[in-house]
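Report on one structure; see the data block that follows.
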Amino acid sequence: MLEIDGSFGEGGGQILRSSLALSSLTGKGFRIRGIRAKRKNPGLQPQHLTSVRVMKMLTNARVSGDYLGSTELEFEPGEVVEGSFTVDVGTAGSVSLIAMTAIPLMINRRISLRIRGGTDVPLSPPVDYMRLVFIPLLEKMGITGKIEVKRRGHYPEGGGEVEVYGFRGEPRDLVLDSFGELREITGVSHVTSLPAHIAKRQIQGVMEVLREFNVPVKVEEEVSNEGSRGTGIVLSAHGLSIMGASSLGEKGITAENVGRKAGTELLKELKTGAAVDSHMGDMLVTFSAFANLEYTGSLLTQHTETNIEVIRKFLEIDVKIEGRSPFKLRLKRK
């Protein structure tokens, strides 16, 4: 059984999620101590506990320590179980982070997941980022899949719902040296259970920032009265690769400034010339379990560095990193 130190590096929930994903793929059990040791509320919170229970369900795993607040966990995967499953975080915990844990195991298996929780919440990728940036980048390495939004869930109420299914393909090596020439910018500006004009005003804020680019900017408005109150905007820039940026509505922040924030973040990412943004630079790492990866990223975050160390625990892999902002990463199976 592999020993994982949950306090090393960024010391957050990603260490656990990556360990769960890789354990389920490789069949290697692990014991993790110091779960989320560097967070204000260490130990398993509802979102992390849901990730554990999803992977336990999908692998018929033997698990101990899976309770709220637990700082130690043992996980020994068994046989993969296919089928359709529904899980509910019970809070506004991120459905995207739970999906990220399960998707690697779902590839080329008849597994679909309906996840209830937060679709657009702070400190995690909005579900539209998963749809507009994450999945299109997976397609570049030969993997397709679907994430459908059934209902939006914002902090603190939650109550959102997504369906994750159809992940399949023949994974191939991924090489992304640069972003290349910008062709277009797409996105979604959403508002739920609040005045509809907010979605349009968020787009206006984006257009103010991105007007310097002489490319089509197509941001859809999504207005719904079903789901917990909130707003947000996600952008995706398309060239040889795909970069993303996002912003969530907040009390006291105008809709225009929500849009400007997302536009400014995207502009900052694009100016690095890297192939992927700072979030995808981290999220892609786990997929070195399927193929060799070589790409440039806008910023080498502590999240990314920590994730690489978890990968090294489970896989025999050569790692080469050059630079920090931007950086170049090579992950090659031995």
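Along the chain as shown, the residues are counted starting at 1.
Every residue, even glycine, has its Cβ placed from backbone N, Cα and C.
Around HIS279 (ATP binding site), the C-beta neighbours below 8 angstroms that are at least 6 residues distant in the chain are PRO125, TYR129, VAL133, GLY244. Here Swiss-Prot flags HIS279, MET280, GLY281, ASP282 as ATP binding site, drawing on sequence analysis.
Sequence annotations record features per position, and here Swiss-Prot assigns active site, tele-AMP-histidine intermediate to HIS303 based on sequence analysis. Its Cβ placed at the centre, HIS303 (active site, tele-AMP-histidine intermediate) has 19 other Cβ atoms within 10 Å.
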For ASP282 (ATP binding site), the number of other Cβ atoms found within 10 Å of its own Cβ: 24
Three-state secondary structure, ASP282 (ATP binding site) (per DSSP): helix
For HIS303 (active site, tele-AMP-histidine intermediate): DSSP state (helix, strand, coil): helix
Cβ within 8 Å of the mean position of the Cβ atoms of HIS279, MET280, GLY281, ASP282: remaining residues of the chain near ATP: VAL276, ASP277, SER278, MET283, LEU284, GLY297, THR301, HIS303, THR304
Inter-residue C-alpha distance, GLY281 (ATP binding site) and HIS303 (active site, tele-AMP-histidine intermediate) (nearest angstrom): 9
